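A.B. asks: According to TrEMBL, the protein carries these features:
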- 10-188: domain 'Heparan sulphate-N-deacetylase deacetylase' (DOMAIN)
- 278-528: domain 'Sulfotransferase' (DOMAIN)
- LYS287: active site, for sulfotransferase activity (ACT_SITE)
- SER385, TRP490, LYS506, GLY507, ARG508, LYS509, TYR510: 3'-phosphoadenylyl sulfate binding site (BINDING)
- CYS491-CYS501: disulfide bond (DISULFID)
Amino acid sequence: MGWGGGCHSALLDIQKQLRAQISNFTFNLGFSGKFYHTGTVEEDEGDDLLLKYVDEFWWFPHMWSHMQPHLFHNESSLLEQMVLNKEFALDHNIPVDMGYAVAPHHSGVYPVHLQLYEAWRRVWNIRVTSTEEYPHLKPARYRKGFVHNSIMVLPRQTCGLFTHTIYYKEYPGGPKELDKSIHGGELFLTLLLNPISIFMTHLSNYGNDRLGLYTFVHLASFLRSWTNLKLHTLPPLQLAHKYFQLFPEQRNPLWQNPCDDKRHKDIWSKEKTCDRLPKFMVIGPQKTGTTALYLFLLMHPSISSNFPSPKTYEEVQFFNTNNYHKGIDWYMEFFPVPSNVSTDFLFEKSANYFPSEESPRRGAALLPKAKIITLLINPADRAYSWYQHQRAHEDHAALRFTFYDVISARPGAPAELRSLQSRCLIPGLYSTHLDRWLTHYPANQVMIIDGHQLRTDPAAVMDEVQKFLGVTPHFNYSQALTFDPQKGFWCQLLEGGKTKCLGKSKGRKYPPMDPEARAFLSRYYREHNVELSKLLHRLGQPLPSWLREELQKITFASMSRG
Ligand SMILES: Nc1ncnc2c1ncn2[C@@H]1O[C@H](COP(=O)(O)OS(=O)(=O)O)[C@@H](OP(=O)(O)O)[C@H]1O
C-alpha cells in the first residue's frame, strides 16, 4: 500500500482501457500491510481510495514488511509475519483466497527456501507464485516453471521497468529505448514468443510518470495493430494450470547449485552452504562391490560420506527417487560441514544411480564438477548376485521362480516375474547407462572400475581411485587391507591383527550359476558388451578381463558357425 493520489483512477481507467484489447484484464496488486498509511498525506489518501475500490482488482500478499523470506531461517517467524499481513487483509476486506503470492526480490522461491513454501501453504494456502530466477535470470528466453511442495512456480518476464525507472525522460539510454522495446523490440518479442507472460512492476512505476501504465497500454495497442494475437488474462490459479498443461515437462524441477549464480547466492540463506555437497559419487550399479568400495573409501583420513538415512541406510538415493522433490536443503542435511573445504572429500554412494534415467541430468545440474565412479563386473554375474540378494530378502517372486525362469521370462509371463526380470537385467545394459552419464559429465570426470579387480586386488584399485580423485595424503591400502581366508574376501586389518569384513549380506554363499543361464545371459548381453568395448576404446581405457572373455565367446561362436 502507499499509492500516489489520483493513481487509483488512473489504474481503474487504464484497466478499463486495457480490457478492450485484453479480455478480462485485471491488475493484480500486491500488499505489504505494514506500510499502510505510512506515506505522505497524498499517498495515504491513495491507500484509502484503493481500498474503496478493492473489488475492482485482484490482490496478492507480498510480505508484511517487504522482508526477504530467505533471511528467516525459522519457519515460525515467517509464519508470524504472514499472519500479520493476513490480519491486515481481513481487517480491510482485501480478498485472501486467490492462492497467489510473490516474494520480494524472488527471495526463497528459487533457490528454494523450504520454510517459505511451508509457511505460504499454511497461512495463505498459496498454490501459485512466479519468479524470474528459474533456472537463471539470463538468458530470459530459457526461463521456465516448476512445481515444488504443491506450489506451482511460473516464470515471470521482465518488462524493463525497475524501482528507479520512474521518469520517461530519464529512462536508461533515453525514452526511445523504452519505446523501441515496446514497438517491436524486446518487450514485444517477449509477448510474441511466450504463450503466457507474467509481468510485475513496482509502485513507483504506477506513480510518477506512470510508466507502468504507459508501457502496457502501448504494448497492447502495438500488438493489436501488428499481430493477430488474441490477448486474455486469467486469474493466477487458472493461469498456472494452463501453463503446466502447455508445458507438462516443466513440472519437475532441476535443482542447480546456488553458489554457481551470484544472484542465487545473494537470495540464499546465510545459514546454508554449498560446501555440504559431495565432491564425488559412487553410482553403482548394485552388486558390483559398491559397499566394499564405500568402506575402503571411508578408511581414508580425508574422505567422509553422508549421515545414514533411517530408510535407506548409508545410501541417500536423492537423484533417482522422489527424494529429489524434497529439494537440495533436504539433501545437504545428510552431509557434515567439512572442516577444510579444499582437502576434505565428501561423497555419497547410491548404487541405483547408475541405471536411473534421471540421475545423470540431475546430478550434473547440481554437481557439475563432481567426479563419478562406477564399478562394472560381468553383467551375468551381477544379475545372478542380484537374484540371490532378492531371495535372501525373501522377495516372493525370487523365491518362487528359478534364476533361469527370471532371466528368460517372456512378455506374457506374470507381472511380478516380468518386473523382477527387468530389475535384474536392465542395470547390466552397461553401455546404454554409461552413455547417458557421459552425455552429462565429461569423460575425465568419470572413472570406470573393474569390480572383479576390486575384489581380487583392492589395494591397486584404491591407488587408482586416489589418483583419480586427487585426494591427499596418499593412503596405503596394501597395509590397511588383508585377505581373510574365512570370509574369502579382502577386509580391513585392525590393530592386533583382527579383521573387519563386510557383513553377511556381502559375499554370500550360493551355488554357482548353471551353464544354461550363463549361456543365455552371454547371448542376452552380447550386443551391449560389444558396445561397452567400443566405448572403453573411445575413452582409451583397458578392457576388463571378464569383457575380453565375453568378446572371445562371440568370436568362437562365429568361428564355429563359419
Ligand atoms: N571385500 C569384499 N567383501 C565382500 N564383498 C565384496 C568384496 N569385494 C567385492 N565384493 C562383492 O560385492 C558384492 C556386493 O556388491 P554391492 O556391495 O555393490 O551390493 S549392494 O548393491 O550394495 O547390495 C558381493 O556380491 P555377492 O558375492 O553376490 O554377495 C561380493 O561379491
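Just so you know, glycine gets a Cβ as well, placed from its N, Cα and C.
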A.B. asks: List only the single closest residue to CYS501 (disulfide bond), chosen from the binding-site residues TRP490, ARG508, LYS509, TYR510 by CA-CA distance.
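C.D. replies: So, of the listed binding-site residues, the one sitting closest to CYS501 (disulfide bond) is TRP490.
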A.B. asks: Measuring Cβ to any atom of ligand 1 with a strict under-6 Å cutoff, which of the binding-site residues SER385, TRP490, LYS506, LYS509, TYR510 qualify?
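C.D. replies: If the test is a Cβ under 6 Å from any atom of ligand 1, the answer is SER385, TRP490, LYS506.
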A.B. asks: Counting across all protein chains present, how many other Cβ atoms fall within 10 Å of the Cβ of SER385 (3'-phosphoadenylyl sulfate binding site)?
C.D. replies: 20
A.B. asks: Measure from the Cα of the residue listed as 'active site, for sulfotransferase activity' to the Cα of every one of the binding-site residues TRP490, GLY507, LYS509, TYR510, then give the nearest.
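C.D. replies: With Cα distances computed to the residue listed as 'active site, for sulfotransferase activity', the winner among TRP490, GLY507, LYS509, TYR510 is GLY507.
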A.B. asks: If H, G and I count as helix, E and B as strand, and all else as coil, what does DSSP give for TRP490 (3'-phosphoadenylyl sulfate binding site)?
C.D. replies: strand
A.B. asks: If we count other C-beta atoms within 10 Å, could you say which of the binding-site residues TRP490, TYR510 has the fewest?
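C.D. replies: Fewest other Cβ atoms within 10 Å, among the binding-site residues TRP490, TYR510, is found for TYR510.
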A.B. asks: How many Å separate the Cα atoms of GLY507 (3'-phosphoadenylyl sulfate binding site) and CYS491 (disulfide bond)?
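C.D. replies: That comes out at 11 Å between the alpha carbons.
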A.B. asks: Where does GLY507 (3'-phosphoadenylyl sulfate binding site) sit in the DSSP three-state scheme?
C.D. replies: coil
A.B. asks: Counting only residues 6+ apart in the same chain, whose Cβ is under 8 Å from the Cβ of ARG508 (3'-phosphoadenylyl sulfate binding site)?
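C.D. replies: Correct list: SER385, GLN388, HIS389, ALA392.
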A.B. asks: Could you say whether, by DSSP, CYS501 (disulfide bond) belongs to a helix, a strand or a coil region?
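C.D. replies: Assignment for CYS501 (disulfide bond) reads coil.
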A.B. asks: For the 3'-phosphoadenylyl sulfate site made of SER385, TRP490, LYS506, GLY507, ARG508, LYS509, TYR510, how many Å separate the two farthest Cα atoms?
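C.D. replies: Between the most distant Cα atoms of the 3'-phosphoadenylyl sulfate site, 19 Å.
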A.B. asks: DSSP on LYS287 (active site, for sulfotransferase activity), three-state: which is it?
C.D. replies: coil
A.B. asks: Which state, by DSSP, holds SER385 (3'-phosphoadenylyl sulfate binding site): helix, strand or coil?
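C.D. replies: DSSP assigns SER385 (3'-phosphoadenylyl sulfate binding site) to helix.
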